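Trainee: Below: one structure in structure tokens.
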Amino acid sequence: MTKVYIAGAIPEVGLNLLKEHFEVDMYDGEGLIDKETLKKGVEHADALISLLSTSVDKDIIDSANNLKIIANYGAGFNNIDVEYARQQNIDVTNTPHASTNATADLTIGLILSVARRIVEGDHLSRTTGFDGWAPLFFRGREVSGKTIGIIGLGEIGGAVAKRARAFDMDVLYTGPHRKEEKERDIGAKYVDLDTLLKNADFITINAAYNPSLHHMIDTEQFNKMKSTAYLINAGRGPIVNEQSLVEALDNKAIEGAALDVYEFEPEITDALKSFKNVVLTPHIGNATFEARDMMAKIVANDTIKKLNGDEPQFIVN
């Protein structure tokens, strides 16, 4: 019987779809799957459902004798050696679109949390408490009417821009290509990175990762930002040099930061945890019931298509 191996628990809606068609084995151990367990799991599998936290390198691919598809449960796919998979005639798919609203919502939530000191205020209220309302007490920054600079105006970046416009924000964006139709629809302005860094009050990273973006935001870029600016990263961790971010915060080169992704994920640079003006979330960009169920359906349906001889919808290689 055709076999599918899943590298970690996924929502039942996708799991049940797969079980209707194939023999399914799913890793259900404590923590993330280790390499040897994954190698053993894919040895006789026709399909692998991988997670963003699952490293699928050449060694893993070579361990699979029958593999036809790697369906990645996530919009990103930099955890997979997609080029080598193609050399082995293995399709790699992802789950685009499903993450858009959830991640855009979180991006705006991070902006509000760090600018209005919501997390800091929650901690104060639960611990020492406060003496009451006072004119100079616990001031933050308003979001309405400010300028947002979006790095990566793809689906998620575009959704962030639409939400920002509801706050009467001016929208700047940068990326490898200008998107004139989206500019007109949203009311955004295309600028180069330096112009964005110098003018934005909130800089959001919503780009997918590729090696050319490694440490795109480094000491030089922090030095170009306003001293009242905030950096928001809901894209990919390695786009930001976290040590340079720590130094920028130490030197008050920027006012604060909010991160959902990390350079050395799942490890978080310890120094970041000490700043009250930094909000940290555990990579929950698309962690909603709606998005995760949709992602499960996508990986299941693309796997079913491939193993039934049809072309998957979301091939990335």
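Note: Cβ is positioned from N, Cα and C throughout, glycine not excepted.
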Trainee: Taking Swiss-Prot at its word that Glu155, Ile156, Ala234, Gly235, Arg236, His283, Ile284, Gly285, Asn286 bind NAD(+), choose the one of Asp131, Asp260, Asp310 listed for that site.
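Mentor: That NAD(+) site, as Swiss-Prot gives it, pairs Glu155, Ile156, Ala234, Gly235, Arg236, His283, Ile284, Gly285, Asn286 with Asp260.
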Trainee: Which binding-site residues from the set Glu155, Ala234, His283, Gly285 come within 10 angstroms of Glu265 (active site), judged by C-alpha positions?
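Mentor: Cα filter at 10 Å returns His283.
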Trainee: Work through the binding-site residues one by one (Arg236, His283) and point out the residue whose CB has the fewest other CB atoms within 10 angstroms.
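Mentor: Least crowded of the binding-site residues Arg236, His283, by Cβ count within 10 Å, is His283.
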Trainee: May I ask which residues of the same chain, at least 6 positions away in sequence, place their Cβ under 8 angstroms from the Cβ of Ala234 (NAD(+) binding site)?
Mentor: Thr103, Leu106, Thr107, Leu110, Ile156, Thr204, Ile205, Asn206, Asp260, Val261, Gly285
Trainee: Please list, in sequence order, the residues in the chain of Glu155 (NAD(+) binding site) that are at least six apart in sequence and whose C-beta is under 8 Å away from its C-beta.
Mentor: Pro96, His97, Thr100
Trainee: Validating a neighbour-count step here. Other CB atoms within 10 A of the CB of Gly285 (NAD(+) binding site): how many?
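Mentor: Gly285 (NAD(+) binding site): 23 neighbouring Cβ atoms within 10 Å.
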